[in-house]
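Report on the following structure.
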Ligand code: GDP
Ligand code: MN
């Protein structure tokens, strides 16, 4: 589960990681109030107003702006709240901003050379161990650094039996070119950051930038935190951080009815049972010259109700020009699925305006095909995978 920057910083802060301080605000008035409160705490009158959306690259899209007084806080917060923020990580339509984070300005005016680093914590799937990935080149796209100057990216692997050891934290501080007070601050930062990652059951931390101020403080200016969904049951307070506004509405709806649905950009809707078959079906659609509009695993019980829910979800996507149903009747009998499709189709009246190609294979496949063929509905059936692909191709061209 993804969370907002301000929530990520709350988690980091609770484990002693120093972060840029801030307060979240829903309106321009709240932003002004937040700025006043922050000035009392920090003494600085300058603030950054940061759009809170689940996407990075906000600065590039105009979602992070400096306000030098309360009037600017009000004006900038007013502009950012409600805007459609387009960043390199969003779609072309962008993401609607519902709230901003009013944060202390940590780039002191007159601080000619604040140092920015990159740091992330994640699982190295090749070794099965967590690692800290870091670089002197913070504040910019890490993808660009990886491409152009890969030697400036370092990694530190963590042995699960011992956890992160102090000498490793010192090696990180050393590789980042630090000495003196900043070196000590960095080792503390790294140790507490890893503790936060471990104890929060996160699957990703990405802190870009980590900042060194001119008075040698090390702090997290940004925080991208992804929590492990499967561990949320033991972090009830984190589970409440979920912001459904940031998720695809069809995906949220699918989750609520227990369907595994992922929205994609193509024109052929897929209804499949089993994740593996769903992936193979998506390949098949591509081979036939289409693009899958979604991934949808209806699971083991493809009865009429479920099939109907699945059709409704797929048809919400206006890009869908055809639907391919590809079901393997292993546990569930094909004729039951076929009956489900026919019933769902009839229930939905004229809601289904696109051609449907159905491939049912497995137990009672012949009975199922007969059911579909004799239903009198605009559904064509296929027995072979290839045949299904050809039929998809025929309706698309
Ligand atoms: P992102 O663009 O979504 O990654 O958002 P960040 O939180 O990383 O902010 C983008 C950029 O805004 C940072 O790389 C900084 O250069 C700048 N920024 C963030 N906080 C401050 C601040 O307190 N003062 C100033 N002057 N700039 C800041
Ligand atoms: Mn950032």
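Here the Cβ of each residue, glycine as well, is placed from N, Cα and C on the backbone.
Automated prediction, rather than curation, is the source of TrEMBL annotations.
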Additional site residue, 260, 267, 273 [criterion: listed by TrEMBL with 330, 331, 332 for substrate]:
273
Determine the mean pLDDT over the domain 'ATP-citrate synthase/succinyl-CoA ligase C-terminal' (271-392), rounding to the nearest whole number.
89
Between residue 332 (substrate binding site) and residue 116 (ATP binding site): CA-CA distance (Å):
56
Among the binding-site residues 59, 106, 273, 331, which have a Cβ atom lying under 6 Å from any atom of ligand 1?
59, 106
I'd like to confirm something. Which of the binding-site residues, 208, 222, 330, has a Cα closest to the Cα of residue 106 (ATP binding site)?
222
Would you mind ranking the binding-site residues 116, 222 by how many other Cβ atoms sit within 10 Å of each Cβ and giving me the lowest?
116
Hey, how far is residue 208 (Mg(2+) binding site) from residue 331 (substrate binding site), Cα to Cα, in Å?
48
